[in-house]
Amino acid sequence: MTQKFDVVVIGAGPGGYVAAIKAAQLGLKTACIEKYQDKEGKIALGGTCLNVGCIPSKALLDSSWKYYEAKDHFAIHGIEAKGVTMDVPAMIGRKANIVKNLTGGVAGLFKANGVTLLEGHGKLLAGKQVEVTGSDGKTQIVEAENVILASGSKPIDIPPAPVDQDVIVDSTGALEFQSVPKKLGVIGAGVIGLELGSVWARLGAEVTVLEALDKFLPAADEQIAKEALKTFTKQGLKILLGARVTGSDVKKKQVTVNYTDAEGEQKVVFDKLIVAVGRRPVTTDLLASDSGVDMDERGFIFVDDQCATSVPGVYAIGDVVRGAMLAHKASEEGIMVAERIAGHKAQMNYDLIPSVIYTHPEIAWVGKTEQQLKGEGVAVNVGTFPFAASGRAMAANDTGGFVKVIADATTDRVLGVHVIGPSAAELVQQGAIGMEFGTSAEDLGMMVFSHPTLSEALHEAALAVNGHAIHIANRKKR
Ligand code: FAD
Ligand code: AMP
């Protein structure tokens, strides 16, 4: 007999699994279909983020940072750490254990919330029927009042550098190196390229990042991007802007990469090459030809602001739809859709999705950049505060970077918070909370911040917006 559900979710990444749990919590009979198998051939939940994305990359970023600190930065604290060595397979093993714990945790949450897991490939048919094909090829059809498509994304391949997961790898392969490559190339100076390049640079690789654009981090505030480029270059990352990769040749476990820059044709040889040129939506065999679901011109599933597709009762969320390819964006869309299915009037604030780059220093922002606001003709006041003037940052010997708060010149409402520096991701979240409640720079300035904390840099930057900072000279006097 055909199984019937109130909600069937295709894909158990941070979009899909969160949507499924929320729907079940709201009393809806819910199933979630997932096909991803781990190395042991078992279905692993959590999608790109838990298996080959956010979590494993942060595990390696943290391990490599500890190594780098122990090797190069303990002496200043009066700690002698001679002969610090690393065990790359052990680092990779630790990362694998964290992934296993978390993906197993999602399976536990499905059980606890009564979400039915259907193992296999899901395909939306006409009339909100969903076909599930198991790894043994057997199919079953389930019926749903509502379907949520959450099939995510995968790395973009470029013909000049075909991935073989040996010498030329994508982000997944770059999380599995068993030793440190001597010379590592990275194509793409986006978030993923910079994070993975940082991991292996900290462990000793000589890293060159080839970026086709002339501008570094075009989505970030220009002041932040400038500081980031300066800092990464000082750390030893060679970032070549205006360098478009045009070809590659793998021979004897090395790859020769051809690229063009302002001077013409160039060549460089690497032991490993990471291709990190972006991600594309996964829609292969997801929709029957008569499903009625429309795609946009770039291959994303077309949705409105509430994630409804062109078919009533069918929704799509996360990386497979327009907008930032971020786990927290996917999850919040999942919550919104589950609530809307349950009859609530949920909305999501797309203007306040924080962006983070987990390099060191971290880079994070929420809201608009100074350039965007000026381009829109909005008059702004800007306050900055350097971590070099923060007692807590000095205590930690981590004084690079600054906090920048941008406020409307007329209303003082905070329109952007941008941070490069220690714990930037956590600091920016404070800005996001304030901005969600319509905070003014003055409001932030009037709040009591614990001393000594890195958060005080946000407090001081907010005060600086109106020329009231205490621990730096104010550029603007009031
Ligand atoms: P996914 O996580 O891609 O999940 C989709 C799931 O659907 C997959 O498990 C897939 O197997 C399954 N699926 C697809 N088609 C079918 C089908 N037909 N039937 C059954 N199952 C199917 N984001 C952040 O916010 N912070 C970070 O720090 C961060 N770091 C990242 C680091 C790396 C190296 C990478 C690659 C990505 C990172 N991201 C990060 C991005 C983040 O992983 C994605 O934005 C997020 O995973 C998107 O969630 P999703 O649920 O839309 O899709
Ligand atoms: P993101 O989309 O943020 O992950 O960043 C990917 C980056 O890769 C972008 O900044 C692109 O400009 C860059 N890129 C894409 N193709 C090439 C190429 N052939 N050579 C160098 N950089 C590239």
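A Cβ is built for glycine as well, from the same backbone N, Cα and C atoms used for every other residue.
Contacts of H451 (active site, proton acceptor) defined by a Cβ separation under 8 A and a same-chain sequence distance of 6+ are given as G391, in order along the sequence. Annotation note: H451 (active site, proton acceptor) sits in a coil segment as assigned by DSSP. Annotated active site, proton acceptor per TrEMBL: H451, in sequence order.
Taken from TrEMBL, the feature FAD binding site applies to K58, G122, D319, M325, L326, A327, H328. Long-range C-beta contacts of M325 (FAD binding site), restricted to its own chain and to partners at least six residues apart, with a cutoff below 8 Å, comprise S153, R279, D319. Look at M325 (FAD binding site): DSSP puts it in coil.
Annotation for G188 (NAD(+) binding site): same-chain Cβ neighbours under 8 Å, separated by at least 6 residues, are V209, L210, E211, V275, A276, V277, G278. TrEMBL lists G188, A189, G190, V191, I192, G193, L194, E195, E211, G278 with the feature NAD(+) binding site.
Marked as domain 'FAD/NAD(P)-binding' by TrEMBL: 5-334.
Residues or ranges marked as domain 'Pyridine nucleotide-disulphide oxidoreductase dimerisation' by TrEMBL: 353-462.
Ranking the binding-site residues G190, I192, L194 by the distance of their Cα atoms from the Cα of A327 (FAD binding site) places I192 first.
G122 (FAD binding site) falls within a strand when secondary structure is assigned with DSSP. Each of the binding-site residues E211, D319 was scored by other CB atoms within 10 A of its CB, and the lowest score goes to E211.
Look at the binding-site residues L194, L326, A327 and count other Cβ atoms within 10 Å of each Cβ; L326 has the fewest. Around G190 (NAD(+) binding site), the same-chain residues six or more apart in sequence whose CB sits under 8 Å from its CB are A276, V277, G278, listed in sequence order.
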